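Below you'll find the structure, written out as structure tokens, and then a few comments.
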Amino acid sequence: MCGIFACYRHPDVEKFKPTALKMGKAVRHRGPDWSGNHIANDTILVHERLSIVGVDSGAQPLVNDEGTVSLAVNGEIYNHRIIRKNLKNPYNFKTHSDCEVIIPLYLEHGVDAPRYLDGMFSWVLHDKTQDRVIAARDPIGVTTFYMGRSSQTPGAVFFASELKCLHPVCDDIISFPPGHVYDSKTDKLTRYYDPKWLVEPDNIPTAPVDYKALRTTLEKAVRKRLMAEVPYGVLLSGGLDSSLVASIAQRETERLNELAKSRKNGYEADGHAAGHLVGIDDSNELATVQMLPQLNSFSIGLPGAPDAVAAKKVADFLGTRHHTFTFTIEDGLNALSDVIFHLETYDVTTIRASTPMFLLSRKIKAMGVKMVLSGEGSDEIFGGYLYFHNAPDKAALHKETIRRVNNLHLADCLRANKSTSAWGVEARVPFLDKEFLNTSMNIDPAEKMITKERIEKYILRKAFDTTDEPDTKPYLPDEILWRQKEQFSDGVGYGWIDALKDNAELHVTDEMMTNPKPEWGDDIPDSKEAYWYRTMFDEHFPSYCAKTVMRWTPTWSNQTDPSGRAISIHQQKYEDAA
């Protein structure tokens with residue numbers, strides 16, 4: 001995960017350069033491996049690099065031979081080998097970076113270039129000849145990206161990976177919408193990611209569930225995300241989603257190890273055969289560089305937390321090299337201000353869940369791992385949150401899953417991206433793969449309804465249930481495959497949420513609750529915990545940054561507390577809380 005900052009059409013770009021470099025430095029935690037910048041006309045691109053693919057040659061910004069097109073990218077392009085092979089015109093690639101394909105794609109397809117990409121990305125490209133900027137964000141917004149303008153420099157447009165390097169130079173900032181592309185020719189944002197399920201929410205799918213397709217597309221999604229030239233691992237909470245990702249990744253690791261044994265020079269030879277290029281090819285074969293012989297898995301929780309216990313069970317079953325970390329309530333409370341600074345939000349759910357993930361990411365980086373797979377997105381796709389028990393009918397459930405997927409960039413994707421990148425670690429999320437989304441979001445939503453006979457995410461569980469396949473090795477133990485949902489902030493230990501609420505009581509008085517700050521407008525905190533987080537946010541960011549924040553609340557529920565266990569059907573009761 002890298003950090004980018006860009007400014008298009010600055011009235012004095014050379015004079016602005018030291019400020020631009022300073023803004024880039026504000027996201028150096030995302031890309032601690034190298035820094036670069038490029039000026040063309042009145043545009044500057046600044047890049048802070050985390051090297052995972054094309055480690056020895058992929059420094060950015062990338063520039064074509066003619067020096068006419070420059071590019072700064074944050075993210076990974078999983079189909080870059082396929083794109084290279086299918087380009088209509090010859091292009092002289094200077095690096096092994098997966099991101100360099102964006103330049104020839106732009107030269108061939110212009111503003112339609114993002115349509116051809118399979119990956120997670122946010123990028124800014126400058127065409128010197130046309131003095132044109134194109135900026136794009138991946139379909140769901142797995143990578144964070146913002147766009148800003150300034151009343152001081154009205155003709156300029158700014159782009160950055162995080163708010164913290166825009167608010168010092170902009171006074172109007174938006175979260176760049178996922179699945180959109182910006183073109184300076186029109187000065188407009190246009191949707192390029194437009195599958196029918198997303199743009200026609202009233203069109204309720206009728207296709208029956210294809211369990212084989214669900215399984216194979218998720219397996220493929222995990223495989224392509226193992227593209228790396230550095231040590232990687234998996235985040236394993238012990239819940240269904242992260243456990244499935246870990247299971248598939250472990251199977252793939254074992255397959256690659258067997259493949260390596262059958263070749264004289266080890267699996268890296270495949271990378272050589274592909275011209276040092278890692279990634280999947282058009283036959284869905286993966287070339288990667290395995291730095292570690294075993295798949296490492298990581299979990300965190302308070303001592304004795306439900307997730308940590310379940311994660312150890314899964315790891316033992318799969319045979320991963322597992323690392324269980326614990327944190328104290330004091331550790332979490334001490335990190336809160338830093339978490340809010342890095343996450344750039346005051347949403348209660350996000351902060352509760354981000355704090356343990358933030359602490360875990362620091363431990364992971366200390367072990368030398370730079371990339372992890374994570375299980376975000378499944379609950380939004382399959383209606384996995386416990387409040388989905390209250391969905392009145394299949395049409396309502398379908399529309400709610402679309403709304404949740406559409407808002408992931410302001411919630412779980414933001415959490416996964418910024419919690420990890422705070423420490424120079426990259427999180428990849430297989431459930432949000434384009435092909436998997438097309439498979440899972442086009443299923444008749446009646447199949448996703450929760451009933452007495454069907455636990456939440458039944459069809460996903462069923463897709464990986466091998467009970468009727470005696471020749472297939474089980475993916476997970478039954479007690480994990482059919483375990484009820486724990487929201488991450490609950491699963492790390494119920495005492496964590498209680499401690500946050502108790503501490504909020506100490507920091508926020510009843511009088512403060514009845515007198516919210518005038519600059520908050522209509523966005524009034526509905527609890528002392530929410531009020532406390534908002535005041536910490538205000539310490540780091542000016543009030544106009546608040547419009548980039550969305551508060552996560554359950555639908556079809558009278559609960560204002562977003563915790564999963566606050567919803568009545570959870571198997572664990574508050575009285576049993578540790």
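Quick reminder: no glycine exception, Cβ is built from N, Cα and C everywhere.
Database features, via TrEMBL:
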- CYS2: active site, for GATase activity (ACT_SITE)
- 2-187: domain 'Glutamine amidotransferase type-2' (DOMAIN)
- ASP98: L-glutamine binding site (BINDING)
- LEU235, ILE300, SER374, GLY375: ATP binding site (BINDING)
- GLU376: site 'Important for beta-aspartyl-AMP intermediate formation' (SITE)
Checklist entry - Around SER374 (ATP binding site), how many other CB atoms lie within 10 A of its CB? => result 27
Next on the checklist: Cα-Cα, whole number of Å: ASP98 (L-glutamine binding site) versus SER374 (ATP binding site)?
Outcome noted: 21
Checklist entry - Reported as an integer number of Å, what is the Cα distance between ILE300 (ATP binding site) and CYS2 (active site, for GATase activity)? => result 25
Checklist outcome for this item: CB neighbours within 10 A of GLU376 (site 'Important for beta-aspartyl-AMP intermediate formation'), counting all protein chains shown, number 27
Item to check | Distance, the residue listed as 'active site, for GATase activity' to SER374 (ATP binding site) (CA atoms, angstrom) | outcome: 18
Checklist entry - At the Cα level, what's the spacing in Å between CYS2 (active site, for GATase activity) and LEU235 (ATP binding site), rounded? => result 20
Checklist outcome for this item: In chain order, residues whose C-beta lies under 8 angstroms from the C-beta of GLY375 (ATP binding site), counting only those at least six residues away in the same chain, are LEU235, SER237, GLY239, LEU240, ASP241, SER242, SER243, LEU244, VAL245, VAL429, PHE431
Next on the checklist: Assuming the binding residues for ATP are exactly those in the record, LEU235, ILE300, SER374, GLY375, what is the maximum CA-CA distance in angstrom, rounded?
Outcome noted: 15
